[in-house]
Amino acid sequence: MSHSSNAVPLTARAGSPLKGRIRVPGDKSISHRSIMFSTLAIGRSTVEGILESEDVLNTIGAMRAVGARVERPADGRWSIEGIGLGSLLEPAGVIDFGNAGTGVRLTMGIVGSHPIATTFVGDASLSRRPMGRVLDPLRMMGAEVVARSGDRLPLSIRGPKTATPLTYRVPVPSAQVKSAVLLAGLNAPGVTTVIEPVATRDHTEKMLKGFGANLSVELNDAGERVIRLAGRPELKPQDVIVPGDPSSAAFPVVAALITPGSEIVVENVLLNEHRTGLFKTLQEMGADLSIVNIRETGGEELGDIVVRHSRLKGVTVPAERAPSMIDEYPVLAIAAAFAEGETVMQGLEELRVKESDRLAAVARGLEANGVTCREGESTLSVTGGGRFGGGTVVTHLDHRIAMSFLVLGLAAEKPVTVDDGAVIATSFPGFRDLMASLGAGIDEAEATNA
Ligand code: S3P
């Protein structure tokens, strides 16, 4: 599935200050996992506040294809009748994951330890992304893979009769890889161990425990996280409540910070410590950003983010912080354009294999709008200040590139156009309407180079 044939160019222009209280849609990571883990439990789970975006709908389609009954009653609380570990059905057709990296990689883990054959396809963006990072450990557990060279989609996996539990050190800081190995380990007899030298988002660990898995996390002498999972647990259905996605909250938050006179509150945002690096960085840059009304739901902290227009200054963002804000660098680069001095972002190698090569896409987008920046192999430096805007940004089927540059347009001197706003549906349906409710001006543009 590709958006390129029905691209919708959008233009954002500066206007009134942003004001109001909003809620962003449910967290994408937790939404995917809630459907998947409910499928692996026997009985009926419910999920409230799920993100109803294209990525998550693709995961719902995939879980239906392996046998789950997934329904959306009128009250919006999804219901999933799980069939249980070891009982997955072989999908009748190919599974199309569209743009969804998390959906496809975690599902590969699930089916990779079941004796069924599954074929995965995706859009042009997903078909460019590396899958070997997930397929390598699955092969070690006994899965057979037939893939295009370079382990790209389309590809097929047939899991073994009995998967071999594995001890695996994740070679790249990736919650998707960690999760795929753990999910495969669920249907392997014995203990699967994942060693994570660099900590990444821990929703899989927390939620699997919540569903009844026997999972422990310890730090070893080298300070690495060691996650041990006992295979073949009986997972129990749960009622999950999904908090607001901090990666989506990032867009209105930065928009308010850079638009003079703004003051907004984003309510109900997930505050998991592996997801809040952007908020910390913005505070270091001098943002008037506070988190209030902190509470807990389902083992996760959430709160309301209060943010006002602020004078920002450039900072250096250390590489160690990258996993806790990996999806937020594009919009941080926009904040950096409005900061005094230089902002240096380090340790960005993983940005090159996201929905687009985000490092290059951000740098080209900034340049197209007159912002001074320097792209290194794994670094980005942005020099703030100046007069910018007026450019058209190529989104490369990347929702976060689209939203980030629309945010730029809300405070730039000249309007900013993105070549395709349809891709935003991947993670943030209703983005335009929600931003409009705060006073933002984002409209359909004349197609230029789409
Ligand atoms: C995600 C992990 C991250 C992140 C993605 C969601 C997840 O990807 O970029 O948007 O839900 O596990 P990587 O594991 O590739 O870093």
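Start at 1 and count along the chain as shown; that gives each residue its number.
Glycine residues also receive a Cβ, built from the backbone N, Cα and C atoms like all the rest.
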Quiz item: If TrEMBL says Lys28, Arg129, Gln176, Arg358, Arg400 bind phosphoenolpyruvate, which of Gly101, Gly103, Gly430 does it name for the same site?
Solution: Gly101
Quiz item: Where's the emptiest Cβ shell within 10 Å among the binding-site residues Ser29, Ser174?
Solution: Ser174
Practice problem: List those of the binding-site residues Arg33, Arg358, Arg400 whose Cβ lies under 6 Å from any atom of ligand 1, in sequence order, or write none if there are none. | Solution: none
Quiz prompt | Listed binding-site residues among Lys28, Ser29, Ser174, Lys354 whose Cα sits within 10 Å of Arg129 (phosphoenolpyruvate binding site) | solution = Lys354
Exercise. Determine the most Cβ-crowded residue among the binding-site residues Lys28, Arg33, Arg129, Arg400, using a 10 Å radius around each Cβ and all protein chains in the structure.
Key: Arg400
Practice problem: Measure from the Cα of Arg400 (phosphoenolpyruvate binding site) to the Cα of every one of the recorded positions Lys28, Ser29, Ser174, Asp327, Lys354, then give the nearest. | Solution: Asp327
Self-check item: Assigned conformation of Lys354 (3-phosphoshikimate binding site) - DSSP reduced to three states
Solution: coil
